[in-house]
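Peer 1: The following feature annotations were taken from Swiss-Prot:
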BINDING   C69, C71, C84, C87  Zn(2+) 1 binding site
BINDING   D460, D462, D464  Mg(2+) binding site
BINDING   C808, C882, C889, C892  Zn(2+) 2 binding site
Amino acid sequence: MSVVNFYGQLSNTQQFDQIRINIASPDQVRSWSFGEVTKPETINYRTFKPEKDGLFCARIFGPVKDYECLCGKYKRMKNRGITCEKCGVEVTVSRVRRERMGHIELAAPVAHIWFLKSLPSRISTLLDMTMRDVEKILYFENYVVVDPGLSILQKGELLTEEELQKAKDKYGEDAFTASIGAEVIQQMLKEIDFLKLKQELYEELQTTSSEVKKKKLVKRLKLVEDFLESENKPEWMIMDVLPVIPPEIRPLVMLDGGRFATSDLNELYRRVINRNNRLKKLIESKAPDIIVRNEKRMLQEAVDALFDNGRRGRAAKNANKRPFKSLSDMLKGKQGRFRQNLLGKRVDYSGRSVIVVGSELKLHQCGLPKKMALELFKPFIYSKLELYGIATTIKAAKRMVEAEKPEVWDVLEEVIREHPVLLNRAPTLHRLGIQAFEPLLIEGKAIQLYPLVCAAFNADFDGDQMAVHIPLSIEAQLEARVFMMSTNNILSPANGRPIIVPDKDIVLGLYYLTLAFDNEVGEGMMFSDLAEMEHALYNKFITIHTKIKYRRNQLNAEGKMVPVIIDTTYGRLMVGELLPSNPNIEFKFINKQLTKKDISLVIDLVYRHCGQKATVIFADQLMKLGFKYACSSGISFGMDDMVVPESKSTHINETQLEIKEFEQQYSNGLITYGEKYNKVVDAWSRCTDRVANDMMKEIATPPVSDDPNHQKINAIYMMAISGARGSFQQIKQLGGMRGLMTKSNGQIIQTPIISNFKEGLTEFECFNSANGMRKGQIDTALKTASSGYLTRKLVDVAQDCIITEKDCGTDKGIEVKSVIEGGEVIVPLAEKILGRTAAIDIFHPVTNDLILNKGELINEAKLEQIESAGLDRIMIKSVLTCESTTGICSICYGRDLATGTLVSEGEAIGVIAAQSIGEPGTQLTMRTFHIGGAATKGAEVSSVEASYDAKVKIISRNVVINSEERKIVMSRNCELLLLDNNGNEKARHKIPYGARLLVDDGDMVIKTQKLAEWDPYTIPIITEKSGKVLFKDMVEGISIRDVTDEATGIPSKVIIESKQYSRGAELRPRIQLLDAKGEVIALSNGLEARYYLPVGAVLSVEDGVQISVGDIIARIPKESTTTKDITGGLPRVAELVEARRPKDHAVIAEIDGRVEFGKDYKSKRRIIIHPIDETMSIEYMVPKGKHVVVNEGDFVKKGDLLIDGNPVLQDILKVMGVEVLANYIVKEVQAVYRLQGVKIDDKHIEVIIRQMLQKVEITDSGGTTLLAGEKIDRHEFEEINEKAIKNGLKPAEAQLILQGITKASLQTRSFISAASFQETTRVLTEAAIAGKIDKLRGLKENVIVGRLVPAGTGYFMDKMRKAAVKLDEENV
């Protein structure tokens, strides 16, 4: 017996390994067919029987009723296989009407619209004509010269009717041949000799130098090669015969009232048949040419409408003016075959109902209404009733169940025992949206859900509904129990943190329980056991908040119990009792006021040290305790709890005075409108924060009172600080001031809302506020869709990313260090490397001991060693550098975040990555409005303070001392580092050009000491020498103009876009410095002291004045800032993963070198970089209005910005390489999510980046058959090169290219997956021509063909089956 049969027989429809798609030849279409459809009739209106030779003909397609011919001569099974001589129908099952096809012999050839109109048009590419021209021939507008003969006409030249007539008159009737219609196109395609054409194109490609031509040739060559490889004939793109799909797939259904509902396809087929028959008649009766031609054109249009209605010309519409649904429409879009029926099927054995809280349940249980369970488990109940002899037949069992006999309930209890059910809440944004539970039968009609799983489902109990699904087979039950049971999904796959965390009221209850108050009854009493304390509490000697001393036995590291005396409260001890005993989980972790964060950390600890079971029990008990005390605390709040601070009016008055001063400065012309705007917004931001801080102080410490019933802590404060509900943002609006609001375009309104909700808003404030809130609401609605679309694109690009082996053996890795922004460590190194594997052996920098072996997983214990060693950067393995050919290896991926262990083979990490990135997107967009449009804008940073006691190190220090003896930074890339005693970097700050340095290299500084300060709203231009100012090229009204401010009447000189000056001379406004002799001063780098001024710069000096070193000669105002919230964020994430060019993108230097400004060209500035080794210099042309961040003579490094903005990803890849690119994308995406407090592991983003970097572009074909400019898969490229080297040929060269996720999805190796994503017709057209083969490697294509996905258990079955086949072959 063969081994492979052990794994169960594959059904007939599943015995294939790959799927190939081709163009069908006319003979193939005829071979599928069971007969020609010649009549447009469908069924007889009286007898309702199909008409003979019509679209539903029983002779062609099979009998209407099982085993019964049409005329009724043969009935019953016994006549199976007989063909009735009277009506010609074969006696068989009526199911064949779903399989049998027919055909229509067309009277004239017709072009297939997909190959004609689907861009790029294949027919026109092959014939080397424009699509417009091909259409003119096909639709009988123009003739084409097939054979010029004796005339001087060109082959392939188009002629109108008149031109043809003229040519005939000129050269004679038979001098040349010109023809029209699909026949001529078919003939021209037939005549193509591919091998010859390929050679010609190849030679032309070698000789041509034009880039445009090259691109065109490569496209044509690719198409020719596709045809050669697939053995498709080009003339098959023109059809002589049309397939008719089986009638059951385009049904005609009778409605009550004698009317019929029919599929649109029947109508479209009828039009084709009618026109075809008419054409046949016309040809037979030798009708005039013009009539025949018109009929042929109409036939072409009818076939076009059948295949793809509306693609060309006006769509064919039905009586109600609704376009017919053609064959293409059946496949396309959300309602098409792929997405509606193949990827998303409806499921039987399912029910749905409203959910309610099941606080008495255990984590692995859910309450299922009895009625629902009875319906869902029917088949199981029937079989059990029969098995026990309670019912004799299935019918009897059915009756018993319908009557709801008492014994049925007993059987139901037994059937349900340990049979898990799946609960799902839509939208299912990540895999935790479907989990398995064991059902408990309950009365009522609502499903009961365990409260702690709400976070994973994002469910609340305000009327949410959930669906129940029943896993039927034993394998399905097993998978549900092992993989999907809620107890096995404690950690979130997105970030590895517990997702079963108490929330809302539970958190509030636990916070209340762990509060400790001063001066409570019985403070300082000593206890040694809990019973004693309970007694004291019962008799009111203490309260749960009294500070007491307690002797507690604790496990030490050796595993012995040691008594320790701790200061605590009874409430905290109650939580402490629930902790599992483990030396790593000390009482100190909960001996504090427990907030949501603390509870989460404790649950994490328990999971890491005590395992899953202990965690589940601990979380469950915490929940019960939290609910109990949330109830008995009786926390509520009223108006008095919203405290308005006394100092509010003082702060507001101060700010108003400040703003008056800004207005004054503005009216005196000292600052521009933009600067004033920024300063005003900033001042109000600070004021709002100050008011909020004062309010927080007042709320946090309620007034002291002798009243024993006095509230010791503010309820609102408690809710916010514990993390139960609300944020300080919202409390600020209740009791402080609402602060600044945004306009609908995202700009901040200068006048803030001074009132809060307690005092109430004025009419004007209310209007502004409503405006901001409305924006939030609209954003929410719009962003939900775009976020869902982003998730879909991400899943599609990453769906075939699966762990396929343990170790790929690569030595490569990426270097990571902690993320430092504004001198603060935002993401410590520890967080970035936890759960990754080391790429090299890692040693202690001082003692040189080995900390980690290469390829070893970095777990919590190793982290502590790395942190104590003070390492600040580490090489880790990454999916970006993994060298597995299919999929990714476990070692490069690292820890599976949902289990905390090394990822196992077969895990679908691509989908998990996509869900982890996409899910919070939707979450966040649903949450923009919680702040209600209040602007959240931090005041601009204008100085740097030391965050530690440390030593200063300054990188690229270029400083001048100005007239006030201040140190002014002149370098564009100055950085200030703070180092600890070992010389490790603790913080890093970028110091902008023009800042005042308050410390110097090598200084020791103390914490909070100011290091540097600057004006955040303008970019200054500063002199580095003293001298006399000379204005150059500043022509009033042309390159410079006095801008008189309307409000103040004060003129200031501003550089404007220079218009054409006399005789096209370019104006380049600049300031030169002259010495006493009137000559231009030379700078330290040998260049002359010239300062070019960009458009928009405001001059700070007059012509001819004397200035000294470090003075500001002009200011460039910065744009005023708009608010940041995730709506800015989601499009940013999409922009990154789609690899789009950002609007106003930066320009980056490709080499190290010195900057020089060349001669301007029209509206562009020319920046030239001269490398040090004086090789080729590189020029950049940039628009004049853009702000150039470098000065003439500056030295730039490769990758530095020349122009401000977000860099283009493709540039980063080209200049800096994959690692820098990956770091940049990860950093940017993380910044968006971090703003919202969402944590996603870096590796998920890396998986997506890996998928974006799958293709290479050939730069030099070497000795291979590849073409320069062709884009192919990375692994394919490596295989081709290996072959070339084996055969002694020169290998090809290529460069990695970055593709956006949509493009990458459409170019996957699997055409089925690509077709089901987007642009279905285009993908299928392309695949059919190339005769593509789908190896069915990814998840989507397997779902579509109805198999188990090759991930998880399916992956192992696949693996075992392959091994079994191998064994069988060996045995044979």
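Placement of Cβ uses the backbone N, Cα and C atoms for every residue, glycine included.
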Peer 1: Work out the three-state DSSP category of C892 (Zn(2+) 2 binding site).
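Peer 2: Its secondary structure by DSSP: helix.
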Peer 1: Round to a whole number and give the Cα-to-Cα distance in Å for the pair C892 (Zn(2+) 2 binding site) and D464 (Mg(2+) binding site).
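Peer 2: Rounded to a whole number, the Cα-Cα distance is 41 Å.
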Peer 1: By the count of other Cβ atoms within 10 Å, pick out the sparsest of the binding-site residues C69, C71, C87, C808, C882.
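Peer 2: Relative to the other binding-site residues in C69, C71, C87, C808, C882, C71 has the fewest Cβ atoms within 10 Å.
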Peer 1: Show which residues of the chain containing C889 (Zn(2+) 2 binding site), separated from it by at least 6 in sequence, have their CB under 8 Å from its CB.
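Peer 2: For C889 (Zn(2+) 2 binding site), the qualifying residues are I803, T804, E805, K806, D807, C808, C882.
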Peer 1: For D464 (Mg(2+) binding site), identify the closest of the binding-site residues C69, C71, C84, C87, judging by Cα separation.
Peer 2: C69
Peer 1: Using C-alpha atoms, which one of the binding-site residues C69, C71, C84 comes nearest to D462 (Mg(2+) binding site)?
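Peer 2: For D462 (Mg(2+) binding site), the closest Cα among C69, C71, C84 is found at C69.
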Peer 1: Rounded to a whole number, how many Å is the Cα of D460 (Mg(2+) binding site) away from the Cα of C69 (Zn(2+) 1 binding site)?
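Peer 2: So the Cα of C69 (Zn(2+) 1 binding site) lies 59 Å away from that of D460 (Mg(2+) binding site).
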Peer 1: Ranked by the number of other Cβ atoms within 10 Å of their own Cβ, which of the binding-site residues D460, D462, D464 ranks first?
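Peer 2: That would be D464, with the most Cβ atoms nearby.
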Peer 1: Pick the one among the binding-site residues C84, C892 whose Cβ has the fewest other Cβ atoms within 10 Å in this structure.
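Peer 2: Looking at the binding-site residues C84, C892, the Cβ with the fewest others within 10 Å is that of C84.
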Peer 1: List the residues in the vicinity of the Zn(2+) 2 site, defined as same-chain residues other than C808, C882, C889, C892 with C-beta within 8 angstroms of the site's C-beta centre.
Peer 2: E805, D807, T810, K877, V879, T881, E883, S884, I888, S890, I891, Y893
Peer 1: Around the Zn(2+) 1 site formed by C69, C71, C84, C87, which additional residues qualify by having Cβ within 8 Å of the site's Cβ center?
Peer 2: A58, L70, G72, K73, Y74, E85, K86, G88, V89
